[in-house]
Amino acid sequence: MKQHEVKPDKVTYSTVIAAFCRMGQLDDAMDIFTQMIEQGVPPDEAVYHCLIQGFCTHGGLVKVKELVSEMINKRMHLDTVFFGSVIDNLCKEGQVMKAQRVFDIIRHVGLCPNAIMFNSLMDGYCLIGKMKGALRVLDSMVSAGLEPDVVSYGTLINGYCKGGHIDNGLKIFREMLHKGVKPSTITYNIVIDGLFQAGRTVALKEKFHEMIESGIPVNIETYNTVLNGLFRNNCFDEAVTLFKKLRSTNVKINTITLNTMISGMFKARRIEEAKLLFASISANNQVPSIVTYSLMISNFIEEGLLEEADDIFSAMERTGCAPNSILLNQAARLLLEKGEIIRAANYLAKIDKKNFSLEASTTSLLISLFSRDETRLEHIKLLPAKYQPFLVGANHS
């Protein structure tokens, strides 16, 4: 452009500055910014936003403060949405302290944060497990004259539940009700999942019924969590009853629901019902996931239904669902534990063919199996060639 005496305009400068900022080349971005001013092209808010975003992500906050001050001196509009986005992105990246400093900078210059900013900052503290910091943000929100909403309370409840402090989460839930804030489906899902993780099945069922009685919409995530909790605590008949009720509603059953039911039926030793559930997936024009196939194969092997396990594995390959390393290693281990060396060798060959690695537990089992039982040495030749030398060595040692 310079060679052809074409003068860069605001768009040109903005484009180059934005590119340098995205790449973290902040010195280059500032050089172009300086040239822009020297050439008499006034930078607008968008240019300042690029630089502020760049320094928040890749640089230091001293420069951010300088740039914000420049914007104020030039009587530019400080955009709450923009700064809210910056704070939210920093929090999601785990840079909560940096987000807090940006938050403090904009408050210092007179910009009033909105509820979204406070909620983002609270969520950031919750993500790194600093609940005292999250509570300080809540107090600051109230002091600023903003009423915490269902998102604010839900964020704190989720933080406590994910950290294993379900009682603190329930305390916040009760406080929310006391303040007249109506819980959402998401809020109830968080509490129900927290109770499930804590193994408190009775309280989980109570909260689920409370949700229904309150008229809060129940979605498939709620049902999945409750079903999981019931099966985990051996409440098989209740789980089946709830599943039948679910089928009579307008809530769409997903693969996670069916996987939960299949796993639960195997746990209850109701094998035929598990088979029917698996068959219903294709009948309802759904596609089994890799998790579904893994559940069927591993449970069939554990039940000694080896031919059925082989049939499911073949069906999976026919449908184009490629087995992953986890499935192949797990199937190989289960078969080795049952002494089914030939069948296990087929899965080990698949691992080798796909250039997957043997998991440590699979390797350990192989060595243990062949080193303690010389009668199995004849089976070593059935395994993929690259495993044979170290197994023979293990036996001799």
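Every residue gets a Cβ built from N, Cα and C, even glycine.
According to TrEMBL:
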- 9-43: repeat 'PPR' (REPEAT)
- 44-78: repeat 'PPR' (REPEAT)
- 79-113: repeat 'PPR' (REPEAT)
- 114-148: repeat 'PPR' (REPEAT)
- 149-183: repeat 'PPR' (REPEAT)
- 184-218: repeat 'PPR' (REPEAT)
- 219-253: repeat 'PPR' (REPEAT)
- 254-288: repeat 'PPR' (REPEAT)
- 289-323: repeat 'PPR' (REPEAT)
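Among residues of the same chain six or more beyond the repeat 'PPR' (219-253), those with a C-beta under 8 A of the stretch's C-beta atoms are 185, 188-189, 192-193, 195-196, 199, 201, 204-205, 208, 211, 260-261, 263-264, 267-268, 270, 284.
If one looks beyond the repeat 'PPR' (149-183) by at least 6 residues along the same chain, the residues whose Cβ comes under 8 Å of a Cβ in the stretch are 115, 118-119, 122-123, 125-127, 129, 131, 134-135, 138, 141, 190-191, 193-195, 197-198, 200, 214, 216.
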